[in-house]
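Quick notes on the structure that follows.
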Amino acid sequence: MEDMKDWRRTHYSEEISPEMEGSEVVVAGWIHETRDLGGVAFVVLRDRAGKIQVTIPKKKVDEELAEKIISQVRETVVMVRGTVQKDERAPGNFELIPNDLKILSKSKTPLPMDVSGKVDAELDTRLNSRYMDLRKPEIGAVFKIRSKTLTEVRNYLENQGFLEITTPKMVATATEGGTDLFPISYFEKEAFLNQSPQLFKQMMMASGLDKVYEIGPIFRAEEHDTRRHLNESISIDVEQAFSDHNDVMQLLEDMIQHITEKVKKDCGKELQTLNHDLEIPETPFERVKYEEAIELAGEKGVDVVWGDDLPTPGEKAVGEEIGTYYYITEWPSEIKPFYALPEPENKEITRAFDLMHPRFELSSGAQRVHQIDLLEKRMTTQGLAPENFEFYIDSFKYGMPPHAGWGVGAERLLMALTGKENIREVTLFPRDRNRLTP
């Protein structure tokens, strides 16, 4: 193996063009493919941005250097110093004639999986060797879009006056009650991994910060083993004071539209690699009342009793009918969390909403209860002991403004933006009931 010493990459593959003919550059990456045709050999070098052809005319390149390059196995990491030369037959209409080479890390053989795209691998095989899987352009493209998406979430919310916060992921009490919790050892106390930052972001509304958001992990010990569920995921959470459910619904749909526009504009290469035509949704999104949604599901053969959650086949039926993002509003009080505000004129329904993509639920939100007496009553009605939430309830005693908010699953948002059908495809290292490594 060789040391880089004073060598440094001067260009990624996408930064080199035929107009640079005669320029010497240094490129770095993995050997993707080698073809030795006798008098000339071609080595395809792959970096984060794409591929570049290194052409070795054996009569013009030093014999020892030519052999050194050609003899390397696939996925060996190298740096090549070479001269750019125009050639309309080469990818990008140019090639690199090598002047020198450094071998930084030799790859072992056989490879755990093929990264050239010639041999498909099962998803489990890919996830077991995720570092290899990501070398494929169509996989790397997903995570470049993911990075862009989270950047634009922050940009949008910061421009709207929101402050980023971080909240505890180890807690003593379940956010919403229930048993979907991962217990952890916390000295002599009982503790759990947090299901949601819900209680903490509501407490911030009593602080005067007014608008807060968090992008962070949540943990749910649900035994779902589906293409849409994980036990650890990233949640984009927002809470806004002096607002109702309509205010934060508008914020959410505008954010989705903004992100989609930015991804379509700035990630065109990645979308093309994925062969995905991303459509920018029109706002405002359609509002469908819960009662209308279950009626529509019934017409499609999915019977839902009023007061039950909408099952996956019901979501699919409504999504197929509407065909784009839409809200389900006016959910029954009994199936929404204690902090969802009931309608003053009809307490059987709440000011809660779900944002739906045609293929799945994307977000849940609501105007929250901000009166302490109603909050405690709803907690008790749902079988929760207010004394177990004293730290939370205290924040409602000394002036809590009306407020509303929502949470969006980052992975599901990525599924919507990339067209992927399995949530594991948009997660670097998924955690589900069967997978704890790598």
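Yeah, the Cβs are placed from backbone N, Cα and C, and that goes for glycine too.
Keep in mind the model is a prediction, meaning the values are calculated, not measured.
Together with R220, A221, E222, R228, H229, L230, G409, A410, E411, R412, the ATP site in TrEMBL holds one more listed residue from E270, E279, E361, E376, which is E361. It is 198-201, from the ranges 138-141, 198-201, 234-237, 290-293, that TrEMBL records as region 'Aspartate'. The predicted model assigns the domain 'Aminoacyl-transfer RNA synthetases class-II family profile' (143-438) a mean pLDDT of 96. Of the recorded residues, A410 (ATP binding site) and S364 (L-aspartate binding site) place their C-alpha atoms 13 Å from one another. Of all the recorded positions listed here (P91, S364, R368), S364 has the Cα closest to the Cα of E222 (ATP binding site). Within the region 'Aspartate' (198-201), the DSSP-based counts of helix, strand and coil residues read 4 helix, 0 strand, 0 coil.
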